[in-house]
Amino acid sequence: MTLLQTVPEWTATAPAIVLAVTGLVLLLIDTIDPDTSSNGVLAGTATLGSLTAGGIAGWFLTQGTGMESTGGAITLYGDALVVDGMSLFFTLIFTSVAAMVSVASYDYLAGRRYQGEFYSLVLFATTGMTLMAMSNSLATVFVSLELASLPSYALVAFLKKNRGSIEAGLKYFLIGALSSAVFAFGISLVFAVTGSLLLPDIAANLSVGSDLVGVLGLGVLMIAGGFAFKTASVPFHFWAPEAYEGAPAPVSAFLSSASKAAGFAVAFRVFTVAFPLGTVTTLSGGSVDWSLLFAVLAVVTMTLGNFAAATQENVKRMLAYSSIGHAGYALIGLAAITVDGGVANGDVLGASMAHLLVYGFMNTGAFLFIAMVEKWGIGRTFADYNGIASKAPIAATAMTVFMFSLAGLPPFGGFVSKYALFYSAIESGFWWLAAVGAVNSALSLFYYSRVVKAMWIEEPSKSLEIGSQPVGLYVAIIFAAVGTVLLLPGFQPVIETAQTVAAALF
Amino acid sequence: MIIEALIAVTFLAALVTFVLPDRYAGKAAFALSLVPVVGSLFMWQQYDASGNALLGGTAAFETDVVWLQLGQYDLHWMVGVDGISMPLIVLTTILSTLAIVSAWTPIAERQSQFFGLMLFMEANLLGVFTALDFFVWFIFWEAVLVPMYFLIGVWGGPRRKYAAIKFFVYTNIASLVMFIGFISLVFGLGDSISSLRLPEIAQALQAGQLGGFAGLSAGALASVAFIAMFFGFAVKVPVAPLHTWLPDAHVEAPTPVSVMLAGVLLKMGTYALLRFNFTMLPETARSFALPIALLAVASVIYGALLALAQQDLKRIVAYSSVSSMGYVILGLIAYTTYGVGGATFQMVAHGLISGLMFMAVGVIYNTTHTRMVTDMSGMADRMPVTAGIFVAGAFGYMGLPLMAGFAAEFFIFKGAFESTVMEAMPLFTGAAMFGIVIVAGYLLFAMQRTLFGPFKFDGDYEITKAPFHDVAPLAVLLLLTIVLGVSPDIFFTMIQDAVNPILELGGAF
C-alpha cells in the first residue's frame, strides 16, 4: 500500500486546492495591511504556492496517480472531475508558467497598486486552468473555463491608467463573453442530442446511435469555436494580438502560455473522450469528422499567425502573432489523430502536449524578456531593441535562446519538440500537415531572428539606458532559458509521459 | 565517456568565458581551450579504432545509448571516432586555441562574448565530427551556425550584417535541402532500420534495403537523395557556383573567425560528403562522377582565377579556399585509397595552411589597417618575422615538398590518376593540376607586391613588428604544417584504414 492508496481520493485534486488556497492566502495577506507594499511577501507566497502545486503534480505523475499503473483515472464528484496523467501533465505546465510569472511580477509590479489582487487573480486563473484539465463533464468544462477567463480579463486590464490595457481588456472580455455564449449553446445542442453532459456518457450515447447528426455537428462546431477562442486559434484569434500587446507583459506571458495550454487540455479531452473519432465518423445518419475541421484550422492558424507575425514592427505584437502560429502547430495534435482498426493512435496528441510544455518555457521566457524591456522603458519596436545585448548580455542571450527555440532551431528544446510533433504527424499519415508546419517553421526563423539581429548586431540608434537590474525578472528569465535548453537532452521523459498519458485517453 | 567529457568541458569553458569580465576573457579562453587540446591529444594517443565506423569497423570511445524513443525510429546518443574523424578533432581543438590567441589583438570590444562564442562553436564542431547518429549530428551541425552568425555579425567589418545574414540564409537553406534528402533515404529504407544511427543506415543501404518511396523507384530515390545531400554539403564546402557566400563571410569576419571558417567549418561540408554521399551511396556517386568531377575542376580553376583577380589579401586567401576544397572533391570522386585518403588528408592540411594564411593577413592588417595589395609594398623590411611566415605559408599553399599541402595534393593527384571511376578522369586531373600553376601565380604576385620591393605604405599608421602573441600561433601552425608534410603517416595510415572499407564496397573500384 502506497501512501496514495491510503488517503481519500479527493486528495488527488491537491494541486488545484493548493492553488486556490494560495489565492485566498494572498488576499488575506493583503487585507492585513493593505497600505504597505509587501510585494516580496506576496510574490514569494504566489511563487511558493505555484511551485508546491507543481511539485505535487510532478510527484503524482511519477507515482502514477490516476494512471493505469495504479488502477486508472480517479473520477470524483459524480464523475464531474477526473484526475489522470493528462490533467497532471497540464497542471505541471500551468504551475511552472504561474511560478515564473509570479517571480517576474515582483519587479514588474514594484511601485504599482493592487499587488495582492494581481497575484491572487493569477493564482485563481491557474486554479481554473487546472480544473479545466480535470473536467470530465461539459458543465465543469464551462465553469472552469469561466473561472480561468474572468481573472484573465481583469489581469489584461490591470494597468488602469493605460488606454491600451483597458482597450485590450475590454476587447478580450467582449470576445470572451461572445465565445462563451457560443460554447454554452454548443453544449446545449450536444446535450439535446445525447442527453448527457458527462464526457464518457456522451460517447456511450452516441455509439447507440442518433438521428440528430446535424444538430450534433453544429454543437461540436460551436464547442470547437469556444476552444478556438481560448487557444487563440483562427477564427477566434483576433483578440489575441490586442490583448497580448495591451496587457502587462507578465500577463501576456501567462495568457499566451498557460491559458492557451489550458484550452488545449480541455479540447484534447472533450474531443477524444466525448466524441471519439471511431464513433462520430460512423454515426447512422452521417459523420462528424472533426479531425478534418482541426486539420483545416491548424493549417490556416499557423499560416495566418506566421505571415502576420512576419509583418509586425512591434516585438510584443510579433510574439502575439507567433503565439497564434504556435496554436496552429499544437492543433496538429488533434488533427492528425488516426483510428486504425478501431484503435486510435494518440502519439501525435502526446507530441502536441510535449510541445506545449516546451512552449510554456520558451514563450513565457520571451514575454518576460519583454516585461523586462518594458520595465527599462526602452520601447517596443524592433528598432528600440537595437543594441540591447551590449548592455544586458545575459538577458539577451536568454532571449536569443527563446527566439531560436521558438523557431525550432537546434540545439534548443523547441527543435526536438517540433521534430516529435511533425514526425508523429507523418507517422499518422498526415505528411502534408507536417510539411505545412515545417515550411511555416522555416519562415518563422525570419522574424524571430530579427529580434536577435536587433539585440546583438545593430547599433543602438539613440542612447540606450538600462536602469535597474531586476532580480526577479532575471531569475524567471534564466530559469526559463535553462529549462528551454535542458528540455533538449531531457526530452525523453517528457515525450514518454505525454504519449503515455495521451494514450490513456482513448 | 571521453568524447562526452571533451564536448562538455568545452561547453563549460564557453559558459565560464561568457560571464567573465572582458579583461580576463581572452586569457581565460586560451587557458580553458587547452583542456580540449590535451583531451584530443590524449584521445589520439589512446586511439584504437579500426576500419570505418559506418561500415562495420570499430569506432574508438564509442557510446551508444537510446536518447529518445519516438515511433518507429529511436534516436540514439551515439558518438565515436574513427580514422576519418580523429585527425579533424585534433585539428579543431588546436586551431581553436590558436584562433583564440590570434583574437587577443584585433578583438577590442565585448571580448567575453566573443571568446565564449568561439568556445561554444568549438564544442559543436567536436560534436559534428564525433556524432554517429543522424539526429545528434544534425543538432550539432545546425548549432555551429548560431555562433558563426554572431561572430560575423557583431565583430565583423563594415558590411558584416549583410555577410552574416547571407551566410545564415545560404547555409540554413542548404541544411534544409540536405535534411529532406537524407530523410527521403530513411523513408525509402522503411522497416529495415530501427534508428537513425549512421552505421545502421549505411549498412542497410549497402545491403540493398532501399525501396521506392512516393512513386520513386529505389534508384531514382537514391539519385534524388544524393543530389539533395550533395547540394546541401556543397554549399558548405563550398563548391563553385555555390560559393558566393564565402568571400563575403570571409572578408567581413574578423581574422580568428576566418581562421575557424576556412580551417574547420568548410571541412564540415567535405566530411559530410564523405560520410553521407560517398560512403552511403557509392553506386550513385559513381554514376554522377562526370558532373562531380566537372564541379571539382571548375572550383579549382575558377576559384584560383578569382583569387588572381583580387586586390584584397584576405579575398585572395578566401577564394583560394574554393580552389583548395575543389581538390578535396576531386579526391573524393576518384574513389581510390589515395584519392579519398588524400582528400581527407587535405582537409587537415588545408585547415592548417589556410588558418596560417588568414592569421598572417590578420597580423599585417592589425598593424597596417589595410589589406589592399595596392596600399603597401616592402612590408618585409618592417615586419620580417611575419613576412617570413607568410612566405612559408604561401609555399605550403603552392605545394612545396615537405609541407602538408604537397603531401595532400600529391595523394589526391596520384589517386585521381589511378581512378577507374570514368575514362576521362586523367583529363580532369590534368586540368585540376593546372590550378597549382595559378595558385603559385597569385601568391607570388601578392607577395612580391606587398612584402618585397622598396617600402611604401599609404596610410597613417606606424608599421612596427607584430607582438609575440600575434606571431606565436603562426609559428605553431607553420611547425605543424612542416611536421605533417615531413611525416604524413602521422595521420595518413589511420585515414587509409578508415577509407579502405569505403573502397571495398561493390569491389568495382
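The backbone N, Cα and C atoms fix where each Cβ goes, and this holds for glycine too.
Feature annotation from TrEMBL assigns transmembrane segment to A:41-61, A:81-106, A:118-135, A:172-192, A:212-229, A:261-278, A:290-311, A:318-337, A:349-371, A:392-409, A:429-450, A:471-491 (among others). Annotated domain 'NADH:quinone oxidoreductase/Mrp antiporter transmembrane' per TrEMBL: A:135-444, in sequence order.
Cβ atoms under 8 Å from those of the transmembrane segment (A:290-311) belong to residues 220-221, 224, 228, 233-234, 237, 241, 271, 275, 277, 280, 318-319, 321-329, 331-332, 334-337, 430, 433, 436-437, 440, 443-444, 446-447 of the same chain, restricted to positions at least 6 beyond its ends. When Cβ-Cβ distances below 8 Å are used as the criterion, the transmembrane segment (A:172-192) is approached by residues 138-139, 141-142, 145-146, 149, 152-153, 156-157, 202, 212, 215-216, 218-226, 228-230, 236, 238-239, 242-243, 274 of the same chain, each at least six residues removed from its ends. Within the chain, the transmembrane segment (A:212-229) has long-range Cβ neighbours (under 8 A, six or more residues past its boundaries) at 138, 145, 175-176, 179-180, 182-183, 185-190, 192-194, 206, 235-237, 239, 263-264, 266-267, 270, 275, 280, 283-288, 290, 293-294, 297. For the transmembrane segment (A:429-450), same-chain residues at least 6 beyond its ends with a Cβ under 8 Å from one of its own Cβ atoms are 295, 298-299, 302-303, 306-307, 309-310, 312, 318, 322, 325, 328-329, 332, 335-336, 338, 348, 382, 403-404, 406-409, 418, 421-423.
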